[in-house]
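Handing you this structure, nothing more for now.
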Amino acid sequence: MLQVIHTKNELIAALARFKAEGKVIGLVPTMGALHDGHISLIQYSKQQCDITVASIFVNPTQFNDPADLERYPRPIERDTVKLQEAGCDILFLPSVSEMYAENEQWHIDLGRVEHVLEGAFRPGHYQGVTQIVKKLFDVVKPDFAFFGQKDYQQFLVISKMVEIFKMPLKLVCCPTIREKDGLAMSSRNIHLSETERNASLMLSKLLFAAKNQISAKTIEAIENEAMSLMRTAELVQPEYFKIVTADSLQAPASTNGTEKMIALVAAKVGNTRLIDNMFMD
Ligand SMILES: Nc1ncnc2c1ncn2[C@@H]1O[C@H](COP(=O)(O)OP(=O)(O)OP(=O)(O)O)[C@@H](O)[C@H]1O
Ligand SMILES: CC(C)(CO)[C@@H](O)C(=O)[O-]
Ligand code: BAL
């Protein structure tokens with residue numbers, strides 16, 4: 001039976017009982033509007049942990065675009081049913097005032113993973129993400145926390161934060177769940193019209209193509225071709241298409257080396273900003 005909890009104190013009390021029994025706690029942080037990608041994270045947590053806590057909190061400090069925050073979908077009743085059906089144990093559903101004091105300040109030096117790619121196009125985004133994730137980790141004190149590969153750079157940034165604060169938990173990066181036609185599931189897909197939905201397929205197609213071409217072409221050629229195909233596509237405004245090292249998001253020394261590589265893409269389709277990525281091996 002899903003327990004819905006709105007305050008930090010109540011959550012700490014509920015978890016204290018489980019912790020006293022030696023139960024392993026898994027946390028799945030989300031912003032709601034749940035889809036099968038989120039539910040897969042709940043399933044990974046249930047496989048590895050005794051108690052699964054999901055949080056739904058549309059965190060204002062990570063939105064660099066006020067219009068994006070305003071129109072972020074919030075179907076909380078449907079989300080609650082989905083979590084109940086998935087066998088989640090606790091839903092943490094706090095208000096903004098429960099999580100933030102007025103004019104609260106936060107800054108953490110996360111190094112280069114904060115400033116490239118998403119960080120360059122969404123200034124301040126990862127400060128906001130780490131600010132809220134630190135609060136969630138401090139309240140729940142989970143043994144494991146589950147995140148999606150779809151937000152790969154976010155996973156690296158949170159890993160860096162955990163290292164800086166020496167937090168005693170294990171982070172798990174779970175595979176991206178896609179629609180049958182390849183589109184990465186995302187809460188923001190709901191905003192796409194039918195034509196935009198068709199146009200957005202280009203992102204995953206370019207990633208699959210890059211993976212096929214990686215040993216035959218230079219990285220520069222693959223990136224340039226992808227960018228020019230996106231630039232000429234109707235409704236698509238590309239931000240970046242980059243192939244970088246998976247651990248530090250830097251240009252790889254060569255394509256035939258041993259470094260693990262990942263391609264990452266971001267583009268606006270109509271008014272909706274989408275991201276996706278794929279490992280190149
Ligand atoms: N398709 C997916 N497959 C696996 N995990 C996913 C997928 N989409 C999102 N996640 C993960 O779910 C967690 C919560 O993400 P979030 O609530 O922001 O959903 P979202 O679909 O990424 O929404 P949006 O990108 O529109 O904000 C994150 O760890 C994210 O990486
Ligand atoms: C990790 C997260 C829940 C923090 O608000 C958010 O960035 C997300 O949904 O990926
Ligand atoms: N899924 C990452 C959260 C965000 O776009 O703000």
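Every residue gets a Cβ built from N, Cα and C, even glycine.
Copied straight from TrEMBL:
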- 31-38, 148-151, I177, 185-188: ATP binding site (BINDING)
- H38: active site, proton donor (ACT_SITE)
- Q62, Q154: (R)-pantoate binding site (BINDING)
- Q62: beta-alanine binding site (BINDING)
Of all the recorded positions given, namely H38, Q62, Q154, which is spatially nearest to S187 (ATP binding site) at the Cα level?
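Checking each of H38, Q62, Q154 against S187 (ATP binding site), the shortest Cα distance is to H38.
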Whole-number answer please: how many Å between the C-alpha atoms of Q154 ((R)-pantoate binding site) and M31 (ATP binding site)?
14
Taking only the recorded positions G37, H38, Q62, I177, S187, which have a CB closer than 6 angstroms to any atom that belongs to ligand 3?
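With ligand 3 as the reference and 6 Å as the Cβ limit, the list reads Q62.
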Between M31 (ATP binding site) and Q62 ((R)-pantoate binding site), how far is it from one CA atom to the other, in Å?
11
Quick one: give me the count of other CB atoms within 10 A of the CB of M31 (ATP binding site).
18
Looking at the binding-site residues L34, I177, which sits with the largest number of other Cβ atoms within 10 Å of its Cβ?
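When each Cβ's neighbours within 10 Å are tallied, L34 leads.
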Of the recorded positions L34, H38, Q62, which ones put their CB under 6 Å from ligand 1?
H38
Under 6 Å from ligand 2 by C-beta, which of these binding-site residues make it: L34, I177, S187? Sequence order, please.
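Among the binding-site residues listed, not one has its Cβ under 6 Å from ligand 2.
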Hey, how far is Q62 ((R)-pantoate binding site) from G37 (ATP binding site), Cα to Cα, in Å?
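About 21 Å separates the two Cα atoms.
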Counting across all protein chains present, how many other Cβ atoms fall within 10 Å of the Cβ of G37 (ATP binding site)?
20
